[in-house]
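Inspection log for the structure reproduced underneath, given as structure tokens.
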């Protein structure tokens, strides 16, 4: 049965590992179309701090699912799965192969395994939770979550109001915890998937790449990009867009919480931590072929052979 399913390629990896370069090279050799799997690239006007592919790169290899939302909006794993499946179907209908590229592991997981049947958001209950947070504080609500769902509470930081609110909301709507509901998996992906991950073999090299990229972003005008977002007045640090690595730290600088140099240092550290989490997740991933960032030619050959032999 799986032999009749269309082929899809996953190219995963930590930030600054060379995914975009490899994807563009691959598109120049094969009939693949790129779908971005990145929770930061979805936002318009957030180009420099997300290291979004530039005009030249996009002309060589257009990316779907970038620049689809305003930074004031939210986007869930369910939203991604819906949009990605539609994009994949469109690509296959054109006789091409979907190539999904990015580092948002939760999106890949949602796409592969489907989503558990969580209740839809309830604005009334959400408003009630936010009002409680104003009067009691999020730390008290986090303690409440510890009582009803210790597993989720261990994963959700007290300073993450979006996820904390959602966990409490799910329980109040359904009477079941987020942990209980997420153990029920949804519909699996109707594709034959070949999965690849690219990263430097040496962690110090990845750290060097991250620091270099952050410096280049600052030189390219990241501070000015951030100031434009800050000046809008309708954005705030609890939004998913502003919680993106780099943006949160630059917001703190513009808010007067730290100096510019401290913001850059914090941004680099936060990016390293993100990369570490991405690699940890990938190491537990099944059916994954690892590629070396320091040998793009070999990585290209490995992926090319996998496509040609299909």
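Glycine is no exception: its Cβ is also placed from the backbone N, Cα and C atoms.
Keep in mind that what you see is a predicted model, and the values were worked out from it rather than measured.
Database features (Swiss-Prot):
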BINDING   13, 14, 15, 16, 17, 18, 19, 20  ATP binding site
BINDING   15, 16, 17, 18, 19, 20  substrate binding site
REGION    38-41  region 'Interaction with substrate tRNA'
SITE      104  site 'Interaction with substrate tRNA'
SITE      126  site 'Interaction with substrate tRNA'
REGION    162-166  region 'Interaction with substrate tRNA'
REGION    243-248  region 'Interaction with substrate tRNA'
REGION    276-283  region 'Interaction with substrate tRNA'
Cα-Cα distance linking residue 104 (site 'Interaction with substrate tRNA') and residue 19 (ATP binding site), given in Å to the nearest integer: 12
Rounded to the nearest Å - Cα separation of residue 18 (ATP binding site) and residue 104 (site 'Interaction with substrate tRNA'): 15
According to DSSP, does residue 19 (ATP binding site) sit in a helix, a strand, or coil? helix
Taking the centroid of the Cβ atoms of 15, 16, 17, 18, 19, 20 (substrate site), which other same-chain residues have Cβ within 8 Å of it? 13, 14, 21, 103, 198, 209, 293
Where residue 104 (site 'Interaction with substrate tRNA') and residue 14 (ATP binding site) are concerned, what is their Cα separation in Å, rounded? 9
The answer, for which of the binding-site residues 13, 14, 18 has its Cβ ringed by the most other Cβ atoms inside 10 Å, is 14
If the ATP site is taken as the center of the Cβ atoms of 13, 14, 15, 16, 17, 18, 19, 20, which further residues of that chain fall within 8 Å of it by their Cβ? 103, 198, 199, 293
For residue 15 (ATP binding site) and residue 126 (site 'Interaction with substrate tRNA'), what Cα-Cα distance in Å is obtained after rounding to a whole number? 33
Just to be sure I understand, if DSSP states are collapsed into helix, strand and coil, how many residues of the region 'Interaction with substrate tRNA' (38-41) fall in each? 0 helix, 0 strand, 4 coil
Among all the protein chains here, how many other CB atoms are within 10 A of the CB of residue 15 (ATP binding site)? 22
Output the one of 17, 20, 104 that, of all these recorded positions, has the highest number of other Cβ atoms within 10 Å of its Cβ. 17
Rounded mean pLDDT for the residues that make up the region 'Interaction with substrate tRNA' (162-166): 92
C-beta crowding around residue 19 (ATP binding site), within 10 angstroms: 25
